[in-house]
Amino acid sequence: MNQETKQKSVVFALLIATFLTAIEGTIVSTAMPKIVEDLGGSELYTWVISVYLLAIVISTPVFGKLADLFGRRIMFTIGVSIFLAGSMLSGLSQSMEQLVLFRLIQGIGAGALTTLPFTIIGDVFTFEMRAKMQGWMSSVWGIAGITGPLAGGFIVDTISWHWIFYMNLPFGILSLFLLWTSLKENIEKKKHRIDYAGIFTFAVSITAFLYALTLLKEEEHVTSGILSLLIVAAIGISLFIWIESKADEPMLPLTLFKNRFITISTIAGFLLGFILVAVTFYIPLWVQGVTGLNATMSGVTMLPMSITWPFAAVLSGKLMAKTSIGRITVMGISVITAGCLGLVLFTDHTIVPLMMVVTAIIGFGFGLSLTAFTVAVQSSVEWKVRGAAMGTFNLMRNLGQSIGIAVSGLWLSEKLSGQVLESSLHTVFIILVVLALCAIVTAGVLLGEKGKELSLN
């Protein structure tokens, strides 16, 4: 390890950057009703989050490989700069169309902050210290999950929604300053082939699909334009699969899907990503639009989910020493299903403490299941492909979130209050129950004899 590297400052810089990326995934949820009230454009409600997540999915592998070509520090700087530019522009938005565009820019930068901190940790620390440092990095996501909804609600109610974006600026600049004054790179830069064709076809096909969903909601029937977009999406995905089968370093390594546990885990991860993003964004909307409470209370409602999640994640790790991963995944998703059934029972008179019980249940289920799926992916492949396997799992989970918010938005009413909103959200919650049941069936395959072999033992 380079002796000039000031480890504490590097870690602090990376923790700040990771926190900014993580909190942007939750802080916006409680602010969205107020943003729509100010800017209008309720038909683009779901695009504010889906375009951000899609940009992360696409840019993450690009930044990872560019960092090997040009160095971690310069690519981290570019990523933070793009993220901060997107944040500032998002705060200055005068329309929903502008906000969607600027969130796209912000998401591109967030792709760098999602992957590079973990890579830099691997460069800077010895093998013995990496696990501890990675644990710190992962815990930031839990802290952001707890503080994000509360901070978003508080900022909206006391200052202005614009500041949920502006607040990133000083912290991002501090992160860059610490990294540039502390990290002295002395690494071997490796040559990589970036899968530009795969990334392009993937982006075009998913964007065409999401835009088709937006038009379908507006038109309420399939037009020739919508059909054309769906055809573009289908052709694009087919071409993407063909490109990935031929690429030297594919964005999505298809050979991994020959492993049954990878296939099962990625399908379940996609479904759970869908459920997670819907829960994260529609419960705050219910609290503000249906029950008439303020943004701060919507953040309070989401708080238990962020507390029970890490607790269940620790419990999941301990259970793996005693039982099969398959059993833990089914148990966790069953808990999520119970929580989604609780959402279906919500009424406009449901009190906040009862809502908090439901979010606590859902968070507990996610902590159990996603932790177990992560270990299933790591344990079912050799070390040399473990990074690719985890990248594939995370890509599919993020894709599930990006598509999930758009698909569920088909049932969301343009009037974001009253009985119309209540009815549309109930429909979304019922869909989540169905998806959770599908995830249980998918995870059930891990209960087979081979699934019992996958454990921490």
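Using the three backbone atoms N, Cα and C, a Cβ is placed for every residue, glycine included.
Positions annotated as domain 'Major facilitator superfamily (MFS) profile' by TrEMBL: 10-451. Summarising the annotation, TrEMBL assigns transmembrane segment to 12-32, 74-92, 139-156, 162-182, 194-216, 222-243, 264-283, 295-316, 328-346, 352-375, 395-413, 425-447 (among others).
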If you count every Cβ pair below 8 Å, which range out of 12-32, 74-92, 139-156, 328-346, 352-375 shares the most with the transmembrane segment (162-182)?
74-92
Counting only pairs at least 6 apart in sequence, do the transmembrane segment (425-447) and the transmembrane segment (194-216) share 3+ Cβ pairs under 8 Å?
no
Let me check one thing: do the transmembrane segment (395-413) and the transmembrane segment (264-283) come into contact, meaning three or more Cβ pairs under 8 Å with sequence separation of at least 6?
yes
Are there residues at least 6 beyond the ends of the transmembrane segment (222-243) whose Cβ is under 8 Å from a Cβ of it, and what are they?
195, 197-198, 201-202, 204-206, 208-209, 211-212, 215-216, 250, 252, 254
Honestly, do the transmembrane segment (139-156) and the transmembrane segment (264-283) touch, with at least three Cβ pairs under 8 Å and pairs 6 or more apart in sequence?
no
Against which stretches of its own chain does the transmembrane segment (295-316) lie, if we need a Cβ under 8 Å and a gap of at least six residues from its ends?
26, 29-31, 33-34, 139, 142, 145-146, 148-154, 156-157, 279-280, 283-285, 287-288, 328, 332, 352, 355-357, 359-372
State the mean pLDDT for the domain 'Major facilitator superfamily (MFS) profile' (10-451).
85
